[in-house]
Each structure stands twice: as structure tokens, then as C-alpha cells.
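What follows is one structure encoded as C-alpha cells, with my remarks underneath.
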């Protein structure tokens, strides 16, 4: 195939799609250029499904090569290793709008790899990767119901910005990524500076409108490339099996969905499934039916039973009305030795969230393609298997945990103080101890309480809520605070976090087409009512940050010295600073501009370290009297330490008004003596006198 190129203007950027020259053995491959940011995105689809495959094995890997930024990786091996958090998040960002566009019965393995090969540090690779994945899949000839487009939206001075640069995002009130087909929005990921629901919805519709040019260009590319439509055909339904299954189940599933407790409901459904499969075992054997297909169709019955019930009755499987939030229980300060903690329970979803305060040096150093930087606000989300009553793998975080942690972090970012306002590194850890839907939003609520319990001066409390949707033709219901089953069996997962003032984070995943602006508007308004209710429940535990830090949290003292004095504080080979930290038990961070931050759980120790540093950096004044310690005896006099790191010479003639034959007769090393500063010469050498003090000359240093 000859090389095909398509170029178009997208916001301020010139975007070019190329195919037919690179990675020609892949099912589909595209080079995406967005100014100087260049990605190779490939899609490979297996010709057939593996034997016994019962799920769609789609894998998405986004990777940033260090050579893209003209850098060599750090570390011993000097090569890229496991995926970074950013790479994992963008991989999920690509996966989410693509997965629902494949047919339900398609089980062939599909792998998408997006490689950043050149990076303009002001243009991120996320939108280019989404566009490239859509184009590569469209070229691959898979049964992909695309293409999709993608756009990033900023908001400043009341206007939306299409595909803002990283520089523009620094003072933007919004960073929102939206992806979708020509007719439907499928995915939204955003963080915002407490904007209204109307502004957020406007950003979604603006992005969807602008991305149409991407979809049109990809369609033109596939036509010019001569891509053949997929020949895959969905397997025919076994109508006899489905009829037999429906007859065997009868009204049992409808009854099971009336059980309000999650675990009891799950057990009831499992028992029905077991009985039904046993009752049909004879026909499975005689008619050659597949047990896997029988299980799949049982799942379809579950799906329709729950959906039909809520659409007909407007009552949910746990007995709630459509807009009712589950009972909430909140406690702050539940762990005595931590710096801040909270227990947040909403129905059968529960999180213990802990805040830890550290110094600037505790920040995480990120070795990124665009350059190294430090992250001083860390948010970690853990989802152990016991939270859903199961046994499972326990160890490094999975992609889902990284994604949920990032969403929860987005939820509270808008209210966090700057490092200048609160010079601590802050780590928040959310331990999900029970889960039945919306655990990421429980993490938002719990983290808000834990931060306030730790005394972090957040601007306002934050709460989060997950919304759902069930839609059949023109009938639909919007569900507040969804359960796990409602998420799994519904058509939309719509998470909103924010304060009473506005939205701080919005995440949306839609599984069907036909979600109108009106439906999204209703979901946002219903979410606002739920969020305000949750904030009211949270206020029963805490309404504002605590005035005092935990007794176990480090206290920070900040002082400023002239940058030229830094070497005096550090000392030769770090000797001075090491001595201060060892003797006072403090941790000291020195910045290039002369800012010194002293950290200690003990306030008295921090003050002692501060005094030592002030002594070291203070200037020695001629005419002043200091109390010092004899450091060294010489034939011609004695060296006396008058301040940490500052020694002066008392010449033998300045020891006493009487004649001194031998210095050792008058002074010993370690003696404490009062000395007057006679002179500080241009080289910084200090001349001292004991004799002048005895004669009553000079002003004591303490007089300062």
C-alpha cells in the first residue's frame, strides 16, 4: 500500500495522519503528528478467537520513550521499564471509549500499542494517542463500530479552549478529555476549579462538536487506504437453549432481585443458576449445548430482569427510590497515631482513609520524558479482595486501582493548598474495606475528612457520587449512588465530585448510543442534589480543618538566609548540617534560594535547630563580645569558636594584660572564655581579644 497522508488543523495544532509506510505487518498502523509530538499507533487483531474464550481480550498499551524527549532513562538499567502511572492512565483513557464499540460476541484478541517517539514538552500525547488508536482500528478491518474522535477542552475567561497546551492548562479552570463517535459521547475525564454543572456540560458538547473533523478525516483515510469491511459474523443465537432456560428460570430471578442485601442476593442468584443448570444437564448432553453458552445466556436474563424491574417499578434492587443516597456514617480521627484519618461508610461501600504529612524531601521524584519533577501530593487507592468477600491476588496495584486513585485525587485537587501555603508533602491512602459500587467516590469523601482531620487547610469539604442510567428505547431512569450490580448492568457510569460551590472532577463512561444532552443534564442536576446531601452528612463529623496538627505530625519552621550563606550552614562535607540534625533530631531541607525548612515532631528541637542556623549565618561584628570555646592551642595563641563554624584567633599578646610566656599556662582546649572581636579582615579572618574584655571594652553579643 502506498503512503497516505491526511493533514488538518485542530485547535492551534496541525495534525497529520500517515499510514502505509511504517509497521505494515500490523493490522492497522498510523503515524500521528501533532506539531512536534509524534506517535506510532498500531492495532493488531487475531483472525480467530481462542478456544473457550468467554470475554473480549482487548489490550491497550501507551508508552513514552525517553528518546522522544532527547533523554536517557535514569536507574541502573538505563531503559524503559514497567509502565508509569501516566502511561497506565492514558492506556485506560484509550481503552474506555473503544471497548464498548466492539460487538458483544466478538472474542478475538485485539492489541493496541501507542508509542510516543517524539515529544514537544508543551503538547501531551493523550489526544494524539486516542486519535491514532481510532484510526488504526478503523484501518485494521475489525468489527469496530467507529471511528471515534477525541478532544481536550480548557476553560478560561468564560471561553472554551480546544486542545490547550500544557502551558495554557496551568491557568485554565478546566482540563477535560472527551471521546465519542459522530453521534454519541462515550467517555469524559476531567478535573475542574469548582465549575458549575452548566459549564461542565457545555465543555462536553463543545468537545464533541469539535471532534467531528477528526472522525471525518479518519473516514477519508480508511476510504483512500481501501480498507475492507470486517467479515466477522456474530454467532447465531441458540433459540432452543434460550427458550429452555427462560422456562426453567421462570420468575425466580425477579424474586432474587428483591433481596436487598448484596451478599444474600448474590447467593440467591448463584443458587438459582446452579439449580437451573442441573435441571438442564440432560438436554445439554442430548442436544450438544455448551455449558459456557448456557451461563452466558443466564447472565443475559439477569441483565434484562434487573433493568425491566427498575424501569417498570422505579424501585431499585436494594429498595431505594431512583434519587435516594444510601445511609451514610462518618467518623474522623479513627486511627490514633496517624496524622489524619477518617472512616466513611455509604451503604455497603466503606473506606478508611489516612493522611500523612511529610517534608518537601518526601515528595516523589518523577523521571518523565519531558524532564524530572517532584510531586508533593500523593493519592493511593487500594482495593483488597476481602472488600468484596473474595480471595484474590494481593500485591502491586492494578490498572483499575491506579485509575480510581487518580480520579479521587482529581476530586480533591481543586481545594488543596499550594506548597507555599502549606509546605508539606501530603500522602493520602484510601483503603477500601467494603465495596458495593462507587468506592472511588467514597475515597473522595473519606480523603476530604482525613485531610481536614490532619489540619490541612483545604478550601472546602469535597464529596463525590456515582450516577447510573438504565435506558430502553424512549424509557430511561437516572440512578443516584449506584450499586455494583447497577454499574455492571446499567448503561452509564457517571461520577461527579465537588464542593457545595461547584464541580472538581467528572468522569463518564457510556456503553450505548442515544445519551442526549438532556439526559446528561438531568444526571448532573441529580448528582448535585446527592452531593449536597452527602456534604451535609459529612459535616456531622467535621466542617473545617482542625486548627492544630497531630502530636505525631512534623512541625515545620521556615527561615530565610542569604544564598551565599548556604555553604556555611552545610559545612565542609556536610559536617555542620549533619551535626545540627543529629544533635537536635530534626530534618532540615535547604533550597537554592536560601529558604530553610526545619521539620520536627518536637517544637523545642525545631527551635533549637533554628537558633543554631541563625547563629551560623549571623555576621561577626567588630567590637562585640562573644562567649566562645577554646578549640585549639598554638604557640602563638589560641583559636576560639565564637559561633558554629566561626573560629577566631586570640594572639598570645591578647590573652592577658600580664605577660604570657606559654599559652597552655592560661588556656586549655574546651575552656569557655569571653572574647571581644577586634577585627574581621577581607579574607574573613577574625582577630579576638580576652584582654579587652577584662578591661571592660566592647558590647556583649547578647545585647542584640
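A Cβ is built for glycine as well, from the same backbone N, Cα and C atoms used for every other residue.
Here Swiss-Prot flags 487, 493 as Mg(2+) binding site. The domain 'KH' feature in Swiss-Prot is assigned to 554-613. Here Swiss-Prot flags 623-691 as domain 'S1 motif'.
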Of the residues in the domain 'KH' (554-613), how many are helix, strand and coil by DSSP?
32 helix, 16 strand, 12 coil
Measure from the Cβ of residue 493 (Mg(2+) binding site) and count the other Cβ atoms within 10 Å, all protein chains considered.
21
Just jot down the residues in the same chain as residue 487 (Mg(2+) binding site), at least 6 apart in sequence, with C-beta under 8 A of its C-beta; none if empty.
437, 438, 466, 468, 493
For the domain 'KH' (554-613), report the average pLDDT of the model, please.
90
Conformational class of residue 487 (Mg(2+) binding site) under the three-state DSSP mapping:
helix
